[in-house]
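S.K.: Below you'll find the structure I mean.
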Amino acid sequence: MNIMDFNVKKLAADAGTFLSRAVQFTEEKLGQAEKTELDAHLENLLSKAECTKVWTEKIMKQTEVLLQPNPNARIEEFVYEKLDRKAPSRINNPELLGQYMIDAGTEFGPGTAYGNALIKCGETQKRIGTADRELIQTSALNFLTPLRNFIEGDYKTIAKERKLLQNKRLDLDAAKTRLKKAKAAETKSSSEQELRITQSEFDRQAEITRLLLEGISSTHAHHLRCLNDFVEAQMTYYAQCYQYMLDLQKQLGSFPSNYVSNNNQTSGTPVPYTLSNTIGPSAVASTGSLVITCPPNLSDLKDSSSTRKARVLYDYDAANSTELSLLADEVITVFSVVGMDSDWLMGERGNQKGKVPITYLELLN
């Protein structure tokens, strides 16, 4: 027998087996043939494996979306991964925002309150960006990779053996059908022999599949450890971000902030929440409005007729002819006037004079 004859016979045998399985499967669907049912334990294991696969895929994909919301970036990373190449490093959103803030602060002037605050905010955003990058790397290594290994490795093996078990089951039921239809003694003997062989192969494949499926419990235990690692990575990330923002808030405590709810303003002048070396902790918020009490240096000025030099913290446009417009960083002369509202001083610049809000000023020694 030459190799070609052997290949032809093998091809014919394979075709016959495939046809036999197709016929058996079709007859089962039509209710014209009996089907060997798997034992309940094996069915439960198969169901558990399928459930694990479905939810692992969903969790894995949504975690990827959480860590990298940009779909184009995810596709790029996927392509590089398939090419077994490292994806080029890309700046993330917090880092980009931080760089914009730093550039803006530098252009506005690091010596100005707003420029200095922008630079500090930008540096914090870049630190958050670094923490974000570390979270992605740690989560990908300790959480996503094990999940992906299960989907692309263990479960593929399970699916392959499950498919093989299905084929062995079809072979077994086809052999049972042929035995039932056999009439001649010789045909019956041959069919019985075939049935014993297919039964043995089916039992063997069922055992192999069962052993693989029982490993799902170990998979769950492993994924639980990976989940703990992911939670720890998130905890570290959020703790870092909280600390960064806490430090930033403390640094910005010496800068003016123009935020006051429009609904709570009692005059046309915006009132900053805190001022460097001027308001400090004496600014307290109450329900419905922001109450500011003067620190000692301003109180002394109001209680006397003396004049002081003051540096303007940021620009102010006069609302009417009784007020004096201000430019950030300019130095003016200020003094109190009896009967004037406690939030205002009289400002003087050359021959110009008018009311100025005290919250826009830093008194100089």
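Glycine is no exception: its Cβ is also placed from the backbone N, Cα and C atoms.
Residues or ranges marked as domain 'BAR' by Swiss-Prot on the basis of sequence analysis: 27-261. What Swiss-Prot lists as domain 'SH3' is 305-365, and the listing cites sequence analysis. Per Swiss-Prot, the feature phosphothreonine maps to T145; the stated evidence is similarity to another entry. The region 'Membrane-binding amphipathic helix' annotation in Swiss-Prot covers 1-30. Positions annotated as region 'Required for membrane binding' by Swiss-Prot, on the basis of similarity to another entry: 1-37.
Can you tell me where each of these features sits in the structure?
M.R.: On the 0 to 100 pLDDT scale, the model's mean across the domain 'BAR' (27-261) is 87.
Using a 10 Å radius centred on the Cβ of T145 (phosphothreonine) and all shown protein chains, the other Cβ atoms total 13.
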